[in-house]
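Would you mind keeping the following structure in view while I ask a few things?
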Amino acid sequence: MLAFGAALALGLTASAAEVYDAVEEGDGIAGLDQPVLDTAIDLRTPGRADAVTWFTDLGGETWFPVVAVVVLGAIAIRWRTWSAVLLPAVGFSVALAMTWVGKVIVGRARPPYSEAVPPYETSASFPSGHSLLATVLAALVGYLLLQRVRRGWLRGVVVGLCTLWAVAMGLSRVYLGHHWFTDVCAGWALGLAWTAALITAHQTWLLVRRSQDEPGEVP
(Lines of atoms letter the chains of each structure in order from A and count residues from 1; the text may use other names and numbers.)
(Lines give C-alpha, C1' and ligand atoms only; values in the text may rest on other atoms or scores of the structure.)
Protein backbone atom coordinates (compact mmCIF):
# COMPACT_ATOMS: atom_id res chain seq x y z
CA MET A 1 0.00 0.00 0.00
CA LEU A 2 2.72 2.47 1.00
CA ALA A 3 4.90 1.53 -1.97
CA PHE A 4 1.93 1.98 -4.28
CA GLY A 5 1.20 5.42 -2.85
CA ALA A 6 4.80 6.53 -3.30
CA ALA A 7 4.91 5.18 -6.85
CA LEU A 8 1.62 6.91 -7.65
CA ALA A 9 2.90 10.24 -6.33
CA LEU A 10 6.07 9.96 -8.41
CA GLY A 11 4.17 8.91 -11.52
CA LEU A 12 1.74 11.81 -11.27
CA THR A 13 4.58 14.25 -10.67
CA ALA A 14 6.23 12.94 -13.81
CA SER A 15 2.95 13.44 -15.67
CA ALA A 16 2.80 17.07 -14.53
CA ALA A 17 6.40 17.51 -15.70
CA GLU A 18 5.45 16.09 -19.11
CA VAL A 19 2.63 18.61 -19.38
CA TYR A 20 5.07 21.40 -18.51
CA ASP A 21 7.51 20.21 -21.17
CA ALA A 22 4.72 20.14 -23.74
CA VAL A 23 3.75 23.70 -22.84
CA GLU A 24 7.34 24.91 -23.10
CA GLU A 25 7.92 23.15 -26.42
CA GLY A 26 4.46 23.88 -27.82
CA ASP A 27 3.86 20.27 -28.80
CA GLY A 28 2.18 17.12 -27.48
CA ILE A 29 -0.86 17.72 -25.32
CA ALA A 30 -0.35 21.49 -25.66
CA GLY A 31 -1.68 21.10 -29.19
CA LEU A 32 -5.13 20.60 -27.65
CA ASP A 33 -5.19 23.96 -25.90
CA GLN A 34 -6.65 26.09 -28.69
CA PRO A 35 -9.06 23.44 -30.08
CA VAL A 36 -10.46 22.76 -26.61
CA LEU A 37 -10.87 26.48 -25.95
CA ASP A 38 -12.55 26.94 -29.34
CA THR A 39 -15.01 24.17 -28.47
CA ALA A 40 -15.73 25.81 -25.12
CA ILE A 41 -16.43 29.13 -26.85
CA ASP A 42 -18.83 27.42 -29.27
CA LEU A 43 -20.73 25.90 -26.34
CA ARG A 44 -21.14 29.17 -24.45
CA THR A 45 -24.44 30.91 -23.92
CA PRO A 46 -25.10 33.79 -21.50
CA GLY A 47 -27.07 31.52 -19.18
CA ARG A 48 -24.45 28.78 -19.17
CA ALA A 49 -21.66 31.28 -18.64
CA ASP A 50 -23.45 32.71 -15.60
CA ALA A 51 -24.02 29.24 -14.14
CA VAL A 52 -20.42 28.15 -14.71
CA THR A 53 -19.12 31.42 -13.26
CA TRP A 54 -21.18 30.79 -10.11
CA PHE A 55 -19.75 27.28 -9.86
CA THR A 56 -16.14 28.27 -10.51
CA ASP A 57 -16.41 30.93 -7.79
CA LEU A 58 -16.87 28.07 -5.29
CA GLY A 59 -13.25 27.18 -6.01
CA GLY A 60 -11.94 30.74 -5.70
CA GLU A 61 -10.24 32.57 -2.88
CA THR A 62 -13.53 33.83 -1.40
CA TRP A 63 -15.75 30.76 -1.36
CA PHE A 64 -13.28 27.86 -1.43
CA PRO A 65 -12.35 28.28 2.26
CA VAL A 66 -16.05 28.29 3.14
CA VAL A 67 -16.72 25.10 1.16
CA ALA A 68 -13.67 23.38 2.66
CA VAL A 69 -14.50 24.37 6.25
CA VAL A 70 -18.13 23.25 5.93
CA VAL A 71 -17.37 19.87 4.34
CA LEU A 72 -14.29 18.99 6.38
CA GLY A 73 -15.77 20.45 9.56
CA ALA A 74 -18.80 18.18 9.15
CA ILE A 75 -16.50 15.17 8.80
CA ALA A 76 -14.43 16.20 11.84
CA ILE A 77 -17.52 16.68 14.01
CA ARG A 78 -19.37 13.58 12.79
CA TRP A 79 -16.46 11.19 13.34
CA ARG A 80 -14.53 13.22 15.93
CA THR A 81 -11.28 13.07 14.01
CA TRP A 82 -8.48 15.61 13.94
CA SER A 83 -7.34 14.16 10.61
CA ALA A 84 -10.09 16.16 8.90
CA VAL A 85 -8.44 19.31 10.25
CA LEU A 86 -4.71 18.58 10.17
CA LEU A 87 -4.49 16.87 6.77
CA PRO A 88 -6.28 19.69 4.91
CA ALA A 89 -4.26 22.33 6.77
CA VAL A 90 -1.05 20.78 5.47
CA GLY A 91 -2.56 19.85 2.12
CA PHE A 92 -3.91 23.28 1.23
CA SER A 93 -0.84 25.14 2.51
CA VAL A 94 1.49 23.17 0.26
CA ALA A 95 -0.98 23.29 -2.65
CA LEU A 96 -1.11 27.08 -2.47
CA ALA A 97 2.68 27.22 -2.39
CA MET A 98 2.91 24.89 -5.39
CA THR A 99 0.48 27.07 -7.33
CA TRP A 100 2.36 30.27 -6.53
CA VAL A 101 5.77 28.82 -7.37
CA GLY A 102 4.49 27.31 -10.60
CA LYS A 103 2.98 30.58 -11.77
CA VAL A 104 6.15 32.51 -10.94
CA ILE A 105 8.48 30.04 -12.64
CA VAL A 106 6.44 29.37 -15.77
CA GLY A 107 4.88 32.83 -16.15
CA ARG A 108 2.49 31.64 -18.82
CA ALA A 109 -0.07 34.06 -20.23
CA ARG A 110 -3.74 33.21 -19.92
CA PRO A 111 -6.04 33.00 -22.94
CA PRO A 112 -6.73 36.48 -24.39
CA TYR A 113 -9.55 38.48 -22.83
CA SER A 114 -11.36 38.41 -26.17
CA GLU A 115 -11.87 34.66 -25.66
CA ALA A 116 -12.70 34.81 -21.94
CA VAL A 117 -15.76 35.55 -19.82
CA PRO A 118 -15.47 38.42 -17.30
CA PRO A 119 -14.45 39.00 -14.57
CA TYR A 120 -10.99 38.49 -16.01
CA GLU A 121 -8.02 36.89 -14.25
CA THR A 122 -4.70 38.74 -14.11
CA SER A 123 -2.25 36.25 -12.56
CA ALA A 124 -0.13 33.80 -14.55
CA SER A 125 -1.90 30.81 -16.01
CA PHE A 126 0.16 27.66 -15.26
CA PRO A 127 -0.89 25.68 -13.27
CA SER A 128 -4.58 26.19 -12.57
CA GLY A 129 -4.91 26.90 -8.85
CA HIS A 130 -8.65 26.19 -8.91
CA SER A 131 -8.00 22.74 -10.38
CA LEU A 132 -5.14 21.95 -8.01
CA LEU A 133 -7.01 22.97 -4.85
CA ALA A 134 -10.25 21.32 -5.97
CA THR A 135 -8.35 18.08 -6.57
CA VAL A 136 -6.69 18.20 -3.15
CA LEU A 137 -10.04 18.84 -1.47
CA ALA A 138 -11.78 16.07 -3.42
CA ALA A 139 -9.02 13.54 -2.76
CA LEU A 140 -8.82 14.30 0.96
CA VAL A 141 -12.60 14.24 1.43
CA GLY A 142 -12.75 10.95 -0.46
CA TYR A 143 -9.90 9.49 1.61
CA LEU A 144 -11.45 10.51 4.92
CA LEU A 145 -14.93 9.26 4.01
CA LEU A 146 -13.80 5.95 2.50
CA GLN A 147 -12.09 5.10 5.79
CA ARG A 148 -15.48 5.27 7.50
CA VAL A 149 -18.14 4.44 4.91
CA ARG A 150 -18.63 0.69 4.49
CA ARG A 151 -21.62 0.29 2.15
CA GLY A 152 -20.46 -0.42 -1.38
CA TRP A 153 -22.98 1.79 -3.17
CA LEU A 154 -22.30 4.68 -0.81
CA ARG A 155 -18.56 4.37 -1.38
CA GLY A 156 -19.27 4.59 -5.09
CA VAL A 157 -21.28 7.76 -4.55
CA VAL A 158 -18.41 9.28 -2.57
CA VAL A 159 -15.88 8.51 -5.30
CA GLY A 160 -18.24 9.75 -8.00
CA LEU A 161 -19.05 13.06 -6.32
CA CYS A 162 -15.43 13.80 -5.40
CA THR A 163 -14.29 13.05 -8.94
CA LEU A 164 -17.10 15.15 -10.41
CA TRP A 165 -16.13 18.12 -8.23
CA ALA A 166 -12.49 18.10 -9.31
CA VAL A 167 -13.18 17.45 -12.99
CA ALA A 168 -15.99 20.00 -13.24
CA MET A 169 -13.95 22.67 -11.48
CA GLY A 170 -11.09 22.20 -13.91
CA LEU A 171 -13.29 22.20 -16.99
CA SER A 172 -15.11 25.31 -15.77
CA ARG A 173 -11.82 27.19 -16.00
CA VAL A 174 -11.43 26.25 -19.65
CA TYR A 175 -15.08 26.92 -20.44
CA LEU A 176 -14.77 30.47 -19.14
CA GLY A 177 -11.49 31.05 -20.98
CA HIS A 178 -9.61 31.64 -17.75
CA HIS A 179 -7.13 28.81 -18.35
CA TRP A 180 -5.69 26.68 -21.10
CA PHE A 181 -6.52 22.96 -20.98
CA THR A 182 -2.92 22.08 -20.10
CA ASP A 183 -3.03 24.44 -17.10
CA VAL A 184 -5.92 22.38 -15.79
CA CYS A 185 -4.23 19.05 -16.57
CA ALA A 186 -1.16 20.17 -14.63
CA GLY A 187 -3.37 21.24 -11.72
CA TRP A 188 -5.08 17.86 -11.63
CA ALA A 189 -1.79 15.95 -11.83
CA LEU A 190 -0.03 18.05 -9.18
CA GLY A 191 -3.05 17.92 -6.88
CA LEU A 192 -3.26 14.13 -7.12
CA ALA A 193 0.50 13.72 -6.76
CA TRP A 194 0.68 15.85 -3.63
CA THR A 195 -2.39 14.22 -2.07
CA ALA A 196 -1.03 10.75 -2.81
CA ALA A 197 2.20 11.70 -1.02
CA LEU A 198 0.29 13.20 1.90
CA ILE A 199 -1.99 10.18 2.29
CA THR A 200 1.01 7.84 2.08
CA ALA A 201 2.72 9.82 4.85
CA HIS A 202 -0.46 9.68 6.94
CA GLN A 203 -0.77 5.92 6.48
CA THR A 204 2.88 5.49 7.44
CA TRP A 205 2.31 7.52 10.61
CA LEU A 206 -0.74 5.42 11.49
CA LEU A 207 1.25 2.20 11.05
CA VAL A 208 4.06 3.48 13.27
CA ARG A 209 1.62 4.62 15.94
CA ARG A 210 -0.21 1.29 15.94
CA SER A 211 3.05 -0.64 16.24
CA GLN A 212 4.04 1.50 19.22
CA ASP A 213 0.65 0.96 20.86
CA GLU A 214 0.86 -2.83 20.59
CA PRO A 215 2.01 -4.53 23.83
CA GLY A 216 5.54 -5.87 23.73
CA GLU A 217 6.39 -9.52 24.11
CA VAL A 218 6.63 -10.79 27.67
CA PRO A 219 10.19 -12.10 28.33
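Positions of Cβ are set from backbone N, Cα and C atoms, glycine also.
What TrEMBL shows for this protein is this:
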- 85-199: domain 'Phosphatidic acid phosphatase type 2/haloperoxidase' (DOMAIN)
- 1-16: signal peptide (SIGNAL)
- 62-79: transmembrane segment (TRANSMEM)
- 86-106: transmembrane segment (TRANSMEM)
- 126-146: transmembrane segment (TRANSMEM)
- 153-176: transmembrane segment (TRANSMEM)
- 188-208: transmembrane segment (TRANSMEM)
If you count every Cβ pair below 8 Å, which range out of 86-106, 126-146, 153-176, 188-208 shares the most with the transmembrane segment (62-79)?
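Top-ranked stretch among 86-106, 126-146, 153-176, 188-208: 126-146.
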Taking a Cβ cut-off under 8 Å, which residues six or more beyond the ends of the transmembrane segment (153-176) line up next to it in the same chain?
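Answer is 36-37, 40, 43-44, 48-49, 52-53, 55-56, 58-59, 116-117, 128, 130-131, 134-135, 137-139, 141-142, 145-146, 183-185, 187-188, 191.
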